[in-house]
């Protein structure tokens with residue numbers, strides 16, 4: 001009988017203790033509790049040797065001075081250890097992808113964490129060996145509602161938790177995206193296009209090249225002026241997005 005995906009044993013290889021605490025909190029919220037930890041290359045190898053049934057490795061590309069996460073993955077592959085690897089990185093670039101590709105990673109996770117991104121990355125990585133569709137007790141873990149889901153924004157040296165249902169909209173600012181929560185703004189390096197792909201199931205829709213909105217918080221829609229009111233602000237509906245946006249809403253006449 002195949003295990004549920006939440007029964008997976010995960011080894012986290014990361015030297016940033018604050019980030020580890022945040023990641024652990026997020027994993028526990030999604031019912032992942034079989035967690036092991038290593039801080040260095042050497043600790044990780046010992047943990048893998050001691051714990052034979054590790055199902056997934058979450059490895060920070062940067063492990064401080066000395067040998068990095070990709071070197072660890074290279075050593076594991078040299079030993080014919082084919083455990084799925086998801087790389088953790090605060091700066092995912094094409095160069096890192098090219099550098100790490102030969103280790104056959106299951107994916108990359110930005111350290112701008114969200115519950116949806118983390119769960120989906122783990123789900124995809126473990127799909128060949130687990131059967132989550134048959135064994136899940138429900139779809140809430142894979143498809144959390146906006147009320148259940150939170151985003152984590154870095155504010156100074158700490159990560160601040162913001163419930164997604166409090167985010168009125170995201171707007172593009174050069175290569176950044178800004179989350180508008182009441183009168184406060186929280187920047188993230190995750191681009192609007194990426195957020196658009198991850199959040200439609202949670203009620204977020206693109207209405208303009210610069211705006212991704214929380215449809216649950218719309219106050220008014222003005223079709224004549226092609227605009228909406230949300231969070232007490234008026235935002236435009238772009239011609240490119242108008243038809244799809246209106247089709248997604250249940251508008252009573």
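The backbone N, Cα and C atoms fix where each Cβ goes, and this holds for glycine too.
Here the structure is a predicted model, which means the values were calculated and not measured.
Annotation source TrEMBL lists domain 'Response regulatory' at 9-126. Sequence annotations record features per position, and here TrEMBL assigns domain 'HTH LytTR-type' to 151-251. The annotation 4-aspartylphosphate is assigned in TrEMBL to 60.
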By DSSP, how many residues in the domain 'Response regulatory' (9-126) are helix, how many strand, and how many coil?
-> 55 helix, 23 strand, 40 coil
Taking helix as H, G and I and strand as E and B in DSSP, count the residues of the domain 'HTH LytTR-type' (151-251) in helix, strand and coil.
-> 26 helix, 49 strand, 26 coil
Averaged over the domain 'Response regulatory' (9-126), the pLDDT of the predicted model comes to 87
